[in-house]
Amino acid sequence: AVEEPNSFEQITNYNNFYEFGFGKTDPADNAGQLTTNPWAVEIGGLVDRPGSYSVADLAPENAVEERIYRLRCVEAWSMVIPWLGVPLAGVLQKAGVQPGAKFVAFETLYRPEEMPEQRRNSMDWPYREGLRLDEAMHPLTILAIGLYGKPIPNQNGAPIRLVVPWKYGFKSIKSIVKITLTDRQPVTTWQSMQPREYGFYANVNPTVDHPRWSQATERRIGAGLLGGRQETLMFNGYGDQVAQLYAGMDLARDY
Amino acid sequence: MDRIRRLPTGVVWALGTLPLALLVWDTLAGNLGIDPVRDIEHRLGRTAVYFLLASLCITPILRMARVNLVKFRRPLGLLAASYAGLHMLSWAVLDMGLLWSQMLKDIAKRPYLTIGMGVLVILLVLAATSSNAVIRKLGPVRWRAIHRWVYLAAPMAVFHWLLAYKIWPGKPLMILLAVAVLLAFRLPLLRRRVGLRAGSD
């Protein structure tokens with residue numbers, strides 16, 4: 001990307017992480033108490049080597065690379081973020097994906113003592129997300145562990161999170177504790193809460209509006225008071241790499 | 001209480017411009033955080049709702065506490081309409097970047113925007129018919145009939161606020177409850193209970 005990344009301050013002080021509150025600054029205000037060390041990610045389901053993996057197992061230092069990705073939130077704002085991470089494909093291969101696996105399900109940590117919103121019934125915790133296996137194996141899909149060359153701050157999904165740059169931000173689940181390979185499309189949090197508004201695929205798509213707002217344009221955070229809006233690109237501008245995943249699908253139906 | 005009543009309405013105007021002054025100050029001083037556009041837009045909208053609520057408190061205070069603050073109702077209503085207008089302008093200029101075609105399509109298609117524009121139209125009509133000259137011209141019966149539209153505008157404004165979220169947030173839900181209570185005072189049944197005369201609003 002030729003676009004200038006957002007500043008570390010912008011990225012770490014303006015985001016959604018509903019476990020810490022529904023406001024854009026709540027994650028930065030409330031995530032400090034989250035314990036991220038030790039941390040274990042349980043990989044299971046249709047894999048040859050199920051088990052508990054540490055962050056270092058999944059993303060050894062010598063495998064980590066920088067990826068500067070656009071992030072498009074379903075709320076029609078966007079940023080550009082320099083992540084550090086590893087391709088998810090490599091992680092899944094390490095666990096040994098069995099032939100029957102068709103989907104990957106993810107779960108965020110459930111720890112109400114440290115995640116204040118989980119002490120309320122505002123959502124069906126823990127947060128769940130999922131990808132089709134080919135989406136998960138796509139080279140653009142990464143597990144991120146860092147930001148701007150530093151370990152990822154708690155509010156952005158420490159210590160390890162998913163980043164799928166052609167999908168709305170809510171697909172990129174944070175603070176992952178569980179990855180399950182399955183033969184069935186997993187139930188995901190937003191889709192189960194409001195199926196009319198949030199689909200399983202959630203591909204960035206300027207031609208399919210959210211029922212309550214248009215997705216045709218977006219506001220780049222940091223553009224300034226008179227920065228206006230820019231056009232949203234199909235698949236968030238990654239169509240060259242990912243459009244073939246959806247060949248023949250009706251993306252207005254499978255939104 | 002009598003002392004409050006004797007204050008000139010200019011005090012309400014002065015207090016009423018305070019939120020705007022603070023917002024301008026916060027904008028210029030860079031206190032608004034990562035996304036100033038959103039903060040400006042939302043603060044103006046919230047302020048409009050608060051003044052609308054304040055204007056709806058005047059009659060219940062008169063009936064229940066027997067304190068007559070009616071002369072403050074017009075400035076409170078005009079402040080609500082002004083902040084609603086600024087809120088819409090901030091949406092059009094800062095948030096939408098004056099993308100006219102998308103704005104018009106969105107207003108027609110998105111319930112929360114349709115409702116928001118409806119509220120603004122009502123408040124502007126009420127503001128335009130608020131002067132003594134217009135009140136005289138319309139006569140009290142017709143004037144009152146027009147200004148009862150505020151009972152629709154207030155809950156619609158909070159509904160517009162609620163619909164812009166992904167979830168049901170606590171604060172606007174509480175405000176909606178407050179609006180419901182304030183409107184309940186206008187129901188004939190309750191009005192009789194608290195000794196209100198029929199026909200008064």
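Here the Cβ of each residue, glycine as well, is placed from N, Cα and C on the backbone.
Automatic prediction, not curation, is the source of TrEMBL annotations.
So that you can see what the record holds, here are the features copied from TrEMBL:
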| type | residues | note |
| --- | --- | --- |
| TRANSMEM | B:7-28 | transmembrane segment |
| DOMAIN | B:44-157 | domain 'Ferric oxidoreductase' |
| TRANSMEM | B:48-65 | transmembrane segment |
| TRANSMEM | B:77-100 | transmembrane segment |
| TRANSMEM | B:112-129 | transmembrane segment |
| TRANSMEM | B:149-167 | transmembrane segment |
| TRANSMEM | B:173-190 | transmembrane segment |
Helix, strand, coil: count each for the residues of the domain 'Ferric oxidoreductase' (B:44-157), based on DSSP.
99 helix, 0 strand, 15 coil
What stretch in B:7-28, B:48-65, B:77-100, B:149-167, B:173-190 has the biggest tally of Cβ pairs under 8 Å against the transmembrane segment (B:112-129)?
B:149-167
By Cβ distance under 8 Å, which residues at least 6 away from the ends of the transmembrane segment (B:7-28) in the same chain are close to it?
36, 39-40, 43-44, 47, 51, 71-72, 74-76, 79, 83, 86
Averaged over the whole of the domain 'Ferric oxidoreductase' (B:44-157), what is the pLDDT?
96
